[in-house]
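Enquirer: This structure is in structure tokens; I'll ask about it shortly.
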Amino acid sequence: MTIGAAGCAKSDRGGDDGGKAGGGTFIFAAAGDPKNFDPIFNDDGESFRPIRQMYDTLITHKPGTADLTGGLAESWSNDPTGKIWTFKLRQGVKFHDGTALDATAVCANFDRWYNMKGEAAQSQMIYYTDVFGGFAGSPDAVYDNCKAQDASTAVVAMKKYKGAFPGAFALTAFSIASPAAMKQYGSDTVTQSGDSFSYSAFANEHPTGTGAFTFGGWNKATGEITLNKNPDYWGDKAKVDKMIIKIIKDENTRKQELRAGTVQAIDFPAPADRKALASEGYKVLERPAFNILYLGINQKNNPKLKDLRVRQAIAYALNRAQLVQTKGPGGSAVADEFLPNTVLGYAPDVQKYEYNVDKAKQLLADAGATGLTLNFYYPTEVSRPYMPNPQEIFTVLANDLQAVGIKVNGVPRPWNGGFKDDVQQFGKQDLHILGWTGDYNDPGNFVGTFFGRGKIEFGDQAMTEMFTAIGKADATVDQAAKKAAFEQVNRDLASKWLPAVPIWHAPPALVTTKNVEGLVPSPLTAEEFNTVSLTK
Amino acid sequence: MVRVVSRRLIQLFVTLIALMTLVFFWLRSLPGGPVDALLGERATPQTRELLTRALGYDQPIWVQYGRFLKNVVTGDFGNSIRTGEPVTDVISRSFPATIELAVAAIIIAVGLGIPLGYLAARYRGRLLDNATIIVTLIGISIPIFFLGYLLKDWLTQGIHFFPPSGRISTGMDNTDVTGFFVLDGLLTREFDASADALWHLVLPAVTLATIPLAIIVRITRASVLDVLDEDYIRTADAKGLRNATIRKRHVLRNALLPVVTTIGLQTGALLAGAVLTEKVYNWGGLGTLITDSISGGRDYPVLQALILLAAVVFIVVNLLVDLSYAIIDPRVRVQ
């Protein structure tokens, strides 16, 4: 902010009124602030939304699905060892700064990530650490090198096979940025001041990718991110001239702005408002579910929970069908597995736990666990896409458990004020509710994240049979064999291990005004807005 | 006068150091922290450790405290953990929003409150007085967020008269000079932006003004009634002064003293009220910043600076109130 002398302050409004002619301006109300616009330093949906419009990934998802299709790479292939990935790049694609997207530029991105210096920068690369194991010099690093075979062929070599690929290449964090712009605006300088970080001019003011929109500015005082149509986009050019992402954190206010006609689309409407909005003529677009809510069971504090029969009793005690009906957002469905059925390795024939009070009581009696008392932790001050109303979910589940004779001691904790610490770090709970939204189409991203290694959340660090089976399935190169291996994992999770009880898949929604056409809801909340148009 | 001011400034300094220390330890004793907030569901022991170390939270608390004190003394409040910007940038962006709102609310509260209170006292026991008492009672007792939602529901949803939230229409593309949007529009001759910002200001300012307005009306009324009973008013009347002169020179002037004190004290309430009002109207000022910084991930650097700022504003306003006594009441000057 600059303080100009009174009287001689100049208006710096753009002379063009691009918004008024042609395709118009599309205003989308989002629920939170982005962090910055350098893809690799981000890991949340609100940052990824604008990033996705400005950048492209090598591989992307078919609109409305989690299925892979060519992005910047027209095609890709994998050698039999699963370690060498060859990308055939689209020709004639240019970054917003006019430089060419070629194999050298792609490799420059891979090399940049791998060679990132400084703990400050590295600590912000959550997805990179997760998928690529580590950085140059780390024994866990997965990446080896990238070579430009010719201008349109990039060959990426990994040190070891990793099940996350190719799905992970479609992660927005791994978008391809212009090497020239990154150099010019010092993209890698993440500096630390006191106990926090600041990012480069590239990340804040000059994000440069190949996407359908170019960066128009981020007005933090009004909470508006402006994106302009990229007239030279390689794919379907944007139908609107301008898109504004307006940040409105309160869901009630988002709804009111929609009704007042000041925005054309809102993200994450309150589940309770969906019906009313639909009946008023707004378009409620449900995203295909790509998330999971589960009841976690910590086997450590109460020895009875180590007994499979007790955990099964808990599963039988829960009337999940009714929970979905009364508390689930529209389109929710009972979950029998920890991954949605669109993901590889979903088994159609796992053991199901239909609501059965007698069976639950019987199992508890058999296990000598009548009169069980359990500490049930649930979060407050939070609403996640898979869990819009934790407190209400807790109440219903707790009542179900009480009905079979389990005494429930409810422990509410603020999401950012103790819940995650108590549950994930200290393991104070016996039961808890938590969930996950998938990042990419791979069973490892669901099942592996929860049960692939010892987690304090589930208490028993020595469930070696489960860890080994998941590790093995994840390391299987052949896709058919991998599918079979994960199907078996999911069967065993339901019948043998039951470390948690899957509750539901709950699709988050978008709402638009009647005149918005062409917005395709994505299971990954990865909507692309170049297809959006405004009718009269 | 100089002695009074310098003594108050030293008090201010000591208060602030003590407050900063309290806030530093208080914030860190709360459960949860920035590391968890930043990582969310994605926290793994590995990423958590890396981030904890990078943020310096692995060091002993007194080392962190020493570093913090050193930074504060040198005027470096660090960067926001959430956004990575310097805290001073974050705050100087939000500050004008809240000041604009608070000033508008004060103008409404004082501009309506003092005349209403005075008239109520003058026409004591009549319809105007009774109506004022009842309305101000409602004004005091109605919770701000409730009133905010109510006004919003009536005037932005039922009829689309006012905008539901924000400081200016989306896509207005106004030029930011001082951060005070109404003023900026005038300075840059973007009069449409100025009018638009003013239009956005109406509901939040009215919402925020209700409680101070009600209090000012009641204090003014009570104070004027007290003064009217004083002997010197009777004397002034007896010696044949014109009514207008009595009202202006003797009644109002003497009655204003407690009112001014109240206005000063209301600044604190106004800041607290702004948090709620800003939440309801997505205002984007300091109130929004406070809620975001607490619930959005324990943004220690921003919170520390905000609490410091609130304390400074509160203390300075009350200092100004004390000084204004001297102007209103000559006896204070002598002491």
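Using N, Cα and C of the backbone, Cβ positions are placed for all residues, glycine too.
Automated prediction, rather than curation, is the source of TrEMBL annotations.
In case it helps, TrEMBL gives these features for our protein:
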- B:9-27: transmembrane segment (TRANSMEM)
- B:95-321: domain 'ABC transmembrane type-1' (DOMAIN)
- B:101-121: transmembrane segment (TRANSMEM)
- B:133-151: transmembrane segment (TRANSMEM)
- B:197-217: transmembrane segment (TRANSMEM)
- B:255-276: transmembrane segment (TRANSMEM)
- B:305-328: transmembrane segment (TRANSMEM)
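Relative to the rest of the structure, where do these features sit?
Expert: Within the chain carrying the transmembrane segment (B:133-151), a Cβ under 8 angstroms from the stretch's Cβ atoms is held by residues 120, 203-204, 206-208, 210-211, 213-215, 217-218, 273, 276-277, 279-281, all 6 or more beyond its ends.
A Cβ distance under 8 Å defines the sequence-distant neighbours of the transmembrane segment (B:197-217), meaning residues of its chain 6+ beyond its ends; these are 100-102, 104-106, 108-110, 112-114, 116-117, 120, 132, 135-140, 142, 144, 147-148, 151-152, 155-156, 162-163, 166-169, 174, 181-182, 184-185, 259, 262-263, 266, 269-270, 273-274, 277-278, 280-281, 283.
Away from its own ends, the transmembrane segment (B:255-276) comes close to residues 98, 101-102, 105-106, 109-110, 114, 117-118, 143-145, 148, 208, 211-212, 215-216, 219-220, 223-224, 226-227, 283, 285-287, 290-291, 310, 313-314, 317-318, 320-321, 324-325, 328-329 of its chain (Cβ-Cβ under 8 Å, at least six residues beyond either end).
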Enquirer: Checking distant contacts: for the transmembrane segment (B:305-328), what same-chain residues at least six beyond its ends satisfy Cβ-Cβ under 8 A?
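Expert: That would be 1, 4-5, 8, 12, 15-16, 19-20, 23, 77, 87-88, 91, 95, 253, 256-257, 260-261, 263-265, 267-268, 271, 286, 289-290, 293.
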